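Below is one structure, written out as structure tokens, with a few remarks after it.
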Amino acid sequence: CTVIFTRLATRDLHKPISILFCNLAVSDLFTSFSGFWISMLFITNPDITIFGSKDMLAPYALYTTSILSTIYNLVSIGIERYLAVAESMRTRCRVARNHSIAVVFVSWVLAFFLGCLPLMGWNCLHAQRRVSVLYSPFCVDYLIFVAVPSVVAAFLVPLFTYLRIIIILRKRKLRMKACGQATGTYKSAESQVARTSISIWLLALVSYAPFFAGVVFDAANRRCHADLYPGAYIFRNCTATLITITCLGNPVLYTLKLRALGAKLKALRCLPANRVRACTI
């Protein structure tokens, strides 16, 4: 919420990348709310979160939509950063604000479409043979269809884009060094991108790899719910916790530079006071 408020209220942050950052915060907020909804269902009626029920379709669909939107945003941010660095000398190829808005719209439409497929009929409420053990009443086929391409994109696209950024920065640093110019800015940018990209990739690996492992386990499993209780469901809850940690880690990695954010919030807080003082004068 702090990221969303700061991005919307500060004019100098109305840039293409800021739109993607703000949308990422919205996706993380939706993930947190839907996860809280599922947690409340677990507290009030644990059996429906284990054995499955029609009541679980809507919260699981919203949860899936939020996670997919977060993944699409992470991929979009990586691509935008690569284009900003690779095409910085070609102004006509720069990413415009309209491009970011279009990407946000497409990502949400795609996330809602894929996430709501179980509500449209692709579920296993009446077909127990292919029902997911961990995320019943979702079908195993649906989880594989959604999880495999999304997790692969979350791992490979950021890895490729940020590696390319580091390579481009290193080439420019060597080119400037050969010309006898100062390279301190490029060296600092290269190290900062390297640290950030490694953190982003490790966070995605730690967060989504267990979920992907759970989907693979679902596909290979031949035992019923009672045989897997409680170990498999403890693992499922741990994967949900890791995804929530991702929602907390994304703002820190992408936007929350604490000193800069504190200065922005202080400036925003001082605006009403300055207006009152001006009116008094």
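Cβ coordinates come from backbone N, Cα and C, glycine included.
Within the set 60-79, 80-99, the record from TrEMBL flags 60-79 under the feature transmembrane segment. Two recorded stretches are said to be in contact when at least 3 C-beta pairs lie under 8 angstroms, sequence spacing 6 or more; the transmembrane segment (232-256) and the transmembrane segment (100-122) fall short of this definition. For the domain 'G-protein coupled receptors family 1 profile' (1-254), the model gives a mean pLDDT of 80. Residues of the same chain lying 6 or more positions beyond the ends of the transmembrane segment (17-40) and with a Cβ under 8 Å from any Cβ of it are 1, 3-4, 7-8, 49, 56, 59-60, 62-63, 65-67, 69-70, 73-74, 76-77, 80-81, 84, 95, 97, 100-101, 103-104, 107, 240, 243-244, 246-248, 250-251, 254-255.
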